[in-house]
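These notes concern the structure reproduced below.
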Amino acid sequence: MHVLPYLVAAWVFLAGCYGLATSRNLIHAVGCLSVCQSATYVLLLAVGYRDGGTAPVFSDLEPGSRPVVDPVVQALALTDVVVGATVTALLLALVVQISKRHRTVDPDELSELRG
Amino acid sequence: MNRRTRLWLVAAGGGGLAVLLVAACLELPAFGGASHPYGDRAVRASLSRHTANTIASVNFDQRAYDTLGEMTILFAAVLGCVVLLRQTRDEHRARPEPEEVAPPVRRYALVVLPVALLTGLYVIAHGQLSPGGGFQGGVVAATALHLLYLGADYRALERIRPVGRYEVGDAVAASAYVITGLACLIGGTAFLANTVLPYGTFNTLSSGGTVPLLNAAIGMEVACAVVVLLARFLDQAVEIEEESGK
Amino acid sequence: MNGWTLTAALVLGGGVGATLWGVATGPLRRRVVAQNLSTALACPALLLLSQGYDRPSYVDLALVLALLGPVGTLVFARLLSGELAGDPPRAQGVTWAAAGLGAAVVLALCVAVGPGRAMAKLLVVGALLVGGNLVASRALSGGFREVSRG
Amino acid sequence: MADAVIVVALLLVAGSATAAVAVRDPVRQALVLAVLGVALAVLFTVLQAPDVALSQLAVGSVLTPLLLLLTVRKVKRRGQRKGREQ
């Protein structure tokens, strides 16, 4: 149990990379990239966890009454989730452009269209 | 380099990376350990500035300059989408015909739209108290607007969502964030430093000095950015067609 | 041994696990129903977790999921109306079962929480959850006429 | 008992991530990515990170699937006519 979260993060990252490398459709590849990104959130939050800890949000909790988990990693992961979504949108916009110009979204066919 | 050699390369690289990752995971401190030096200091700094939600304090007070960077990335990504998905010369815009939707779905969309919009604004406003903040509330509010497309049709959405105004709103919110930072500078402290405004009483809406202001600016910026983003994608998928009708 | 988190673990492992299997395999109509069920089951799990961890502020999570879950399914129903028109999904039984589970969890929590603002919030979440998922499953099974451009 | 929930959430995330990669069709992958978003939100709640879970819920349940499906529709619309012309 002490190393399971880190292994799950590593597994999700490797699965995303495998999907990215062997994908036959660029939209599928963008989905695999977002899987890779979510692996980093799992690793970040697993590093910040404390046994028996709760969230450092004191709207309904007396400060200091219970141990709290690490807020810094949560702040990192929080902004990255939203920025990751807009970067995924930018990649999808690129895929739309590629399908307009080259009439295909298969990366193998694309590499043969040299100019 | 044909497909087979590429797969072998992926297998070799992936295997090596897997071995290194597992070795690193075994060396990491045990999951659930109690030593979080940065966390304890961040909580202390947040409580000293009367911000109930420590994550909002980290985002908008201790690392406000980083969040300025994050916001610029978000702004640039949406700008890239707007440029890429514009209507080119050899394309024309076809009127989307009205869409016939089952009555229960239409009623549900019209009922839930204000509730979702209200929830989005609630999440932004209570960003520095309960879980939430500008980033999450902005996305919830922007998604609520598109319920009109899901419940009715694209024409109904276009009537209530003038894209130009949201693009201006996006730019205004981004500059509001920077202006708040400059105001702190003019107030005699560092850029984006949270030492100008009074911190107010703990766990109230006006507590935390500049955190609520930056929260609201980010909330508006993310909401407008997502609306502009979805507007461009919807235009491409629903309206814009090639000249030859393709 | 916290009963609430244990129930949440059961709902997650059994319910959401089954929907994961349903969404990864099988015909498109079953996958779309499985996606709808995944949010319909995750929301009660989040409510149970918020009670199990004794943190009332986690109910906001269940509120947003109760709001946006069905909207996500409406997205699929709207944009896949072409493919789904062929064999529309028929899943009234399962959807009603999930709605029943959601209602049962909300009632159990209302009893545990006792009257007050928190109970009002729970009832709002429960109403949104049950209503949303029933409408979403209604939309899946033929809410939108087969549409070329949409 | 908190560990049991963490293990269940972790296995859910690992399973849905593997499914998201294994499914090759973009439309079906959008469905699995929506379920992955929900599984991630539950895992973040279990790891006591409600802000990140809220952010993942808002983004993963509606925004990402909508973008993926609109892109598929735009790309497929081009493909269909191309197919019809041959």
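A Cβ is built for glycine as well, from the same backbone N, Cα and C atoms used for every other residue.
Here the structure is a predicted model, which means the values were calculated and not measured.
What TrEMBL records for B:3-103 is domain 'MrpA C-terminal/MbhE'.
The feature transmembrane segment is assigned by TrEMBL to B:67-85 (among others).
For the transmembrane segment (B:105-125), the list of distant contacts is 132-134, 136-145, 147-148, 150-152, 205, 212, 215-216, 219, 223: same-chain residues at least six beyond its ends, Cβ to Cβ under 8 Å. Feature annotation from TrEMBL assigns transmembrane segment to B:105-125 (among others).
The annotation domain 'Na+/H+ antiporter MnhB subunit-related protein' is assigned in TrEMBL to B:106-227.
Positions annotated as transmembrane segment by TrEMBL: B:131-150 (among others). Same-chain neighbours of the transmembrane segment (B:131-150): 53, 55-56, 59-60, 109, 112-113, 116-117, 119-125, 156-157, 160-161, 214-227, 230, 234, counting only residues six or more beyond its ends whose CB sits under 8 Å from a CB of the stretch.
Long-range Cβ contacts of the transmembrane segment (B:171-193) within its own chain (Cβ-Cβ under 8 Å, at least 6 residues beyond either end) map to 64-65, 68, 71-72, 75, 210, 213-214, 217-218, 220-221, 224. According to TrEMBL, the transmembrane segment annotation covers B:171-193 (among others).
Summarising the annotation, TrEMBL assigns transmembrane segment to B:213-234 (among others).
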